[in-house]
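Taken from Swiss-Prot, the feature domain 'Glutamine amidotransferase type-1' applies to 2-224. Residues or ranges marked as active site, nucleophile by Swiss-Prot: Cys86. Per Swiss-Prot, the feature active site maps to His195, Glu197.
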Amino acid sequence: MKFAVIQFPGSNCDIDLYEALHTVCGADVAYVPSKESSLDGFDAVMLPGGFSYGDYLRAGAIARFTNIMPAIVEMAKAGKPVFGTCNGFQILTEAGLLPGALKRNDSLKFVCKTVELEVANNDTIFTSEYQKGEKINLPIAHADGSFYADPETLQKIEDNGQVVFRYSKENPNGSLNNIAGITNERGNVLGMMPHPERAVEALLGNTDGLRLFKSILNHAEVKA
């Protein structure tokens, strides 16, 4: 299984994703600049955190129009795993690959800390190594992480089991229904504000994010 880590101008978590997958998990990974237009030969695509295009207009709004996005859309349509963390989540909503939107934190401040999450759905490509209802801790670092959707869309997300992670002890940004991460209806596209790639080694003080990447790899092995 080969992973593409997309590099947008302003990405700053691309190296973290690469290291989590390649160094820690031993996966086959390559960087792909957003100016490229093809993802041929890749089996999964990862959209990193950061500040693509300086978050001008809106977080993720300009990145949505880069050359690589049509190929990412095709990967999603083909049922291949597509993952976005933080700014990657914002880009996925801007591209219409995930419902809802991410708006400014209720505090109007940048929030950087570790938060407790609840695994709301472990029946996905990304969460099979977790237990439903399990509490985990992951870092967050964002100013525009408050998930919003209109009431009808929000109800549909809930009814379909698309909520994968929820904030548990506290809601750090005002996200509706304490939502921290969601999938598309098909379940092969995941966006989340927390950073699992920053919690994959004991040296970092936490390994709760490691099982997300192992879940993807295990899914590939099962399919093979």
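Just so it is clear, glycine is given a Cβ too, placed from its N, Cα and C backbone atoms.
Taking Cβ-Cβ distances under 8 Å and a sequence separation of 6 or more, the neighbours of His195 (active site) in its chain are Cys13, Asp16, Gly49, Thr85, Cys86, Leu138, Pro139, Ile140, Ala141, Gly209. In the structure as shown, the Cβ atom of Glu197 (active site) sits within 10 Å of 30 other Cβ atoms.
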